[in-house]
């Protein structure tokens, strides 16, 4: 058996309790890692891997980071989904015999980050927990530890529903029991990209019972208990800022699955995975970090409560009508700090003096914001104004205690104002008077010795000293100066008087700093009493910020207030895609109408690729979402229903992680919509059926349309390249053909991006191929094939190919063979056959480009 050194034994004992985390083991001024941790961390953090004697024949792998710069390395590990256990020395090495005691003081994981540098200002950092009740339902709870938010619900025991909740929240970490982790599929774990943490205890900690209400179900309470236990055990400190758990029902909000949100680019761009080009990016003119976070929550969960939607619309109208007051409101909001996260840091005990200055300055703005809102006539804005608590006593205390120029460090003084504490004033006077005495001493010593360059200085090692250059040391009187330090060109001395004064000054400064830290800690503790009030204030300010953002964006982008229909009808005049319009510019964007009602439930959209079908479909959905979050909408006029759900299938999205083809994903998403949609839902299907053979796809597309028409009655936009489906208008009363128009000018296609009634009269696939610069002979051949198809009832035509010798000459496969003198080469014939068999209308632009590249490579 290996006999390790006592220190390595201690390390291994602690590491055994934190197998799933990197253990940052404090040794002097460094956090060290050993064994497997060292091997992995050295690669991830790109730091030097060394070795240490530990009682074995070979050195133990080791790497480390300085404790004062460890936060950057910790952030890197957390960002990559790892956990870090911080192990500190909990005894003073100077007073301890033998091995210093060490303990893990905090486990930092992706869902428990509290350091500002590891958090994004306008994004929540959610950690969630799960409790499976008899395989029937999930108790689900989540919290943002940095803000104290705590919410819970019960959802169906379905992976799809769980994924929807987790992705809606952009959850960073999920706490499950070992048995629950086994049940969750590996595909789900990989797809979500979140950290899984196993924790078994799920009873509510005694000190947190007040956070749970009686009416909550058992599964909900167990999920909350699991979350609270995990936080308690990993954070090892007071979590007094956690708010009472709020129960929510997913049925109280518009539902959208993960794919729908991604396709519509609500909060994350498909291309760059950032906010740029999303609806959130467009609507976000919030001035505070907490307002930005609330806005994302609103967009993730649009309202279905008519009263609440109208209330927000009224507020936006009122703010738009008071331009100058809104400008004043914006200026005040700019000076409001992140009160939610400040409250969290106060509870954690890691708030500094600068934070308290920001808090005080934020509280200064509250009476001004309140007065501005009260000058308006909106009832709900007045109600919001009256909820604004300026915390006057706290403001006065902070004004009285904290210096405006206070440093970030809380242990070096310079924080507490003069006059706040008489004992502190006494120490400061002693220190200041002493320094005045030092300055006077320097003047007197120069006069006494005649050395004009003599100076009195100070450093932390030697304290106060008198410095004289080597050239002038002979001028010093003998017996009075005691040499303290020799430099290259000077000598440093002390005198009995200087030594005595030094003690008085340093004692006063040390006592002053100790007392300042004590006084600051008392102020910080006092702020804890206001955490709940500050959190309520933060919510009200965030809501005001979101509403002013809606007003500002609506005004700048010429949005109008929509009317909510009672009969489920949708009528949008000159509607626009808000994000595309912003990117292109209002002058370039082509607006379009959209009308849906009980007699016109399905719009079948035809038209060429690149013509704007997908953009049109998305703009209808985004208009509905804008309305249901309470914002105005991009149109000249809009009457909109309240949709309970939106389902989308737009774009080719092979699920590579899950190993599912485009067609399988199409069918799964189609099933999801068909099974769960109601008459109050909106369905957007873009080219359903293109992922399989032509007739299969056409048959499925027709069957899906008929099923929605006969059984679901949801408002539906269905785009297709199957022109044959346009005949359904004659059979299905609630289906209407529309198309995206295009014209030919000088043999070229011009896409007008304008929606018109009726089916498209022809396709423009060959023109698109021409734009892609396929060989001219190939384009001509495709045109002849198309002409023959159109004249011969659309039978599939295959170009003639060279027949095997045993096939008789009279067997003719082509209906229009090449002339003998122009017979194509074997290579050309194969290419022509391949092109003839392609169905360009079923291809996405990316598929087409890939195929063109493949064909060109064969030609060359």
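Each residue, glycine too, has its Cβ placed from N, Cα and C.
Model, not experiment: these values are computed from the prediction.
Residue 607 (ATP binding site): 27 other CB atoms within 10 A of its CB, across all protein chains. Annotation comment: Swiss-Prot describes 607, 608, 609, 610, 611, 612, 613, 614 as ATP binding site, evidence class sequence analysis.
Ranking the binding-site residues 609, 611, 614 by the number of CB atoms within 10 A of their own CB puts 611 at the top.
Counted within 10 Å of its Cβ, the other Cβ atoms near residue 613 (ATP binding site) come to 26, all protein chains included. Within 8 Å of the centroid defined by the CB atoms of 607, 608, 609, 610, 611, 612, 613, 614, the record's ATP site, lie the Cβ atoms of 740, 751, excluding the listed residues themselves. The Cβ of residue 612 (ATP binding site) lies under 8 Å from the Cβ of 590, 740, 751, 753, each on the same chain and at least six residues away in sequence.
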